[in-house]
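Q: Before I ask anything, here is the structure I am working with.
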Amino acid sequence: MAEAAIDPRCEEQEELHAEDSEGLTTQWREEDEEEAAREQRQRERERQLQDQDKDKEDDGGHSLEQPGQQTLISLKSSELDEDEGFGDWSQKPEPRQQFWGNEGTAEGTEPSQSERPEEKQTEESSHQAKVHLEESNLSYREPDPEDAVGGSGEAEEHLIRHQVRTPSPLALEDTVELSSPPLSPTTKLADRTESLNRSIKKSNSVKKSQPTLPISTIDERLQQYTQATESSGRTPKLSRQPSIELPSMAVASTKTLWETGEVQSQSASKTPSCQDIVAGDMSKKSLWEQKGGSKISSTIKSTPSGKRYKFVATGHGKYEKVLVDEGSAP
């Protein structure tokens, strides 16, 4: 997971490194071409100096002004080298060493040439040497402006290219390395990969140090919803009690009869039955109908067997049942 999160940054850094490496390779090629051109010019000058020395040896005369001539030539060559872009000696140490080596060889040859016998140093040879010196000065002064213009033009182009290209932060990190002699591309790539790995480790450590915030996911919410539905389903639902005022089956049937109109026909057909009437009850009816009867007669009761009884008060709230004779009864 961590590698997938870091991939975009790594790709950007690799692209930047690729661009920087391409720019460095082009710059190195240009510098190599310039160095090759300078070396060719220096070799041509050395050949010319050697040819001049041979010509002078053939002429057979070297004046005392010869050391001064060699110093003038060395000074001119140094000026040309400075015009060609060798102002910063820290970046180009090799040509300087070659230059000092050439001077050492020239100085080493000077005493050998000066130690020649004085007999050969006649006026004619001195005159010829002066003429030859003037010719050589003219021949060296003629290509100087062109070389100076070419060197200055190359230096200006080099500066313009550096100004147009905006330095990237990774290139700024390698300024110390650029001040030193150019290293091989493999070492450059190794250093850059190390710096990339360090930056990746720093970013990973920063991400790990940050605390993860509690985020409610969809699964947690769904679980809460299911729990709520289960708890609501477990609660018993209140059963609806039937209303007390509902009519019974008999009332409902009579209602339907009234609606259909069958109640009147049924009431007309029904007649009151007298089967439940007892014979003893009729005697009570006759007793109640009699007016002005005695209290005793009110207490007499008849039974279905035909015997009559009466209740006689024996005490406070007490009565006794006494059989009544038929003769004594009114």
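Glycine too: its Cβ is placed from the backbone N, Cα and C atoms.
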Q: According to Swiss-Prot, which residue out of Ser21, Ser74, Ser195, Ser243 bears the annotation phosphoserine?
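A: Among Ser21, Ser74, Ser195, Ser243, the residue Swiss-Prot annotates as phosphoserine is Ser243.
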Q: So which of Thr166, Thr271 shows up as phosphothreonine in Swiss-Prot?
A: Thr166
